[in-house]
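First up is the structure itself, then whatever we jot down about it.
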Amino acid sequence: MAARPAFGIVRQLLRSNARGCSSGAPVTQPRPGEPSRPTREGLSLRLQFLQEHAAPFSAFLTDSFGRQHSYLRISLTEKCNLRCQYCMPEEGVPLTPKADLLTTEEILTLARLFVKEGVDKIRLTGGEPLIRPDVVDIVARLHGLEGLRTIGLTTNGINLARLLPRLQQAGLNAVNISLDTLVPAKFEFIVRRKGFHKVMEGIHKAIELGYKPVKVNCVVMRGLNEDELLDFVALTEGLPLDVRFIEYMPFDGNKWNFKKMVSYKEMLDTIRQRWPGLEKLPEEDSSTAKAFKIPGFQGQISFITSMSEHFCGTCNRLRITADGNLKVCLFGNSEVSLRDHLRAGASEEELLRIIGAAVGRKKRQHAGMFNIAQMKNRPMILIGVLLMLQDSPPARWSNFSWDPLRVRNPSARQCLSDQMASLWKRHCIPKALPLSQQCLGSGSPQRHYSSYPDPDTHSKCLSTGSQAPDAPSGPGPTSNQLTHVDSAGRASMVDVGGKPETERVAVASAMVLLGPVAFKLVQQNQLKKGDALVVAQLAGVQAAKLTSQLIPLCHHVALSHVQVHLELDSTRHAVLIQASCRARGPTGVEMEALTSAAMAALTVYDMCKAVSRDIVVTEVKLISKTGGQRGDFHRA
């Protein structure tokens, strides 16, 4: 195995300095002011009493399926000191202005509120949380919150060895370290930075300080590090590690792609061939990991099966992004800005109502989307995990399937990198014009939807940065008579049997003028019927597929791709809709695109009509079409 020499060095390095501490909690010296052992025993009895006589869990943190959310993940920063290839472009990503990020006091205010309502575990994430200057102070102040039992941290390990002693003294009692390879050269290739030995020093320091287990997160990618599976497992023989193998989220385009993704069952089979005595360990109801142990080994391994076997039914997690948005589901499409309400002077009761409403809308699984395996890329580094960006476009865009929608945060932090904007420009549907040439910002939140792989979420990236190449405008050759009427004036379906099959693409648009009241409710996802934009996109996709049943003389077309894109325009209180369809065949797909856009617009109307009847559906029109005997068309 290629990784063996480096693996041996790694294991020797870790073993040579490990102290063999076996306590289940971090080993720390008593600090001044700490209670004596008898007092601690008294506290334990009190804790036992409180557990036996606990009040009902907070209704604000309990969703409609009875899940009690006692685990909060807080992103301390969007910044990272690595540039992992599967995470972000080498130049990084645009960041939120500092003024829009949560301050330390705001973080602690929200943490205090959640802990008061029943959260007993907080994990600090990023970006990379250890590059935040006041991270030790934050941990210390969180440690003072009554009722908070666990303070954890997920880190890339670069700064861990230097900061961990102070963090432990401040109250940090759980550490997860990300490491995808045991080969130094491969590490540098993956993260585009040096630092492998710093990460190993961090793992060693965590073991030395008595953290047990030290959790090591490894994203397994076919063709990159799956050959190191056994080496990672072997580390647990003499070290108190919990090596957690994470299924790679295969965002190579928009389809479920097994080429890079290594499933949990495949990994398990590989490991069992080497260690047939591998035993399954019991797990907590809310655990995301399937734990295993090899008899006689000091550590264990786990699998996080977010792709092949979801764990939504027992989810107890909530997330707060670095800019203060509450996410109730990692794969969900709605965020609520707690920062804005805090800064507007909301009371604790008002904040709890906002939080409770968001938790109450949480779906049964994966934000109500059919299956995570059918979903495409979504930005994640800004909610505490990695942003999956592909280095090259898929071979054929026509292979894309539609994607259930995502709500986008307005800030520039979610704008596409120049690299992805370039891919969008070169490989999007030919000649499709952007809906708007202007930024829709003006200080109000913007929600952005698309079924393309990680499309731009800030309107300026949809303008000059991703404009399609110039193309001839105006109609191409046209017929001088109606094609669906015979010589006697009767309706007649065109015979397309003799026409050649060519690639056909059409883009249509529509606009819904909502008015300020309905627009605000849609923008904040507060409609009683639910998320208007999500439902509208689904309706648009469905309508495209049913066009031949709605338009009497329209041929049935086997569509290879449908995209419905919705964007909020705060300057006009409008929803802008763009629908595109692609197929290969003897007839065009203009009607499919127009029907899709129109139905999406009508669905927005239906979702909002209880709020206002003064809603206008307008500008339903063809934007462009390519393929066919009459040539291409691009609206000027």
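The backbone N, Cα and C atoms fix where each Cβ goes, and this holds for glycine too.
If you look up Swiss-Prot, you'll see 64-279 marked as domain 'Radical SAM core'.
Swiss-Prot lists Arg73, Arg123, Thr154, Lys215, Arg317, Leu318, Arg319 with the feature GTP binding site, giving similarity to another entry as the kind of evidence. Around Lys215 (GTP binding site), the same-chain residues at least 6 positions away in sequence with a Cβ under 8 Å from its Cβ are Ala174, Val175, Asn176, Ile177, Leu241, Asp242, Arg244.
Annotated [4Fe-4S] cluster 1 binding site per Swiss-Prot: Cys80, Cys84, Cys87, in sequence order, evidence recorded as similarity to another entry.
Here the Cβ of Gly127 (S-adenosyl-L-methionine binding site) has 21 other Cβ atoms within 10 Å, regardless of which shown protein chain they belong to. DSSP assigns Gly127 (S-adenosyl-L-methionine binding site) to coil in the three-state reduction, placing it in neither a helix nor a strand. The annotation S-adenosyl-L-methionine binding site is assigned in Swiss-Prot to Tyr86, Gly127, Ser178, Met249 on the grounds of similarity to another entry.
Annotation comment: Swiss-Prot describes 414-636 as region 'Molybdenum cofactor biosynthesis protein C'.
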For Cys87 ([4Fe-4S] cluster 1 binding site), the one of Arg73, Met249, Arg317 that lies nearest, given that the binding-site residues are compared by Cα: Met249
Residue from Cys80, Cys84, Arg123, Thr154, Arg319 whose C-alpha is spatially nearest that of Ser178 (S-adenosyl-L-methionine binding site), among the binding-site residues: Thr154
Among Cys80, Cys84, Gly127, Met249, which are recorded as binding-site residues, the nearest neighbour of Arg73 (GTP binding site) by Cα: Gly127
Segment-level pLDDT (mean, integer) for the domain 'Radical SAM core' (64-279): 91
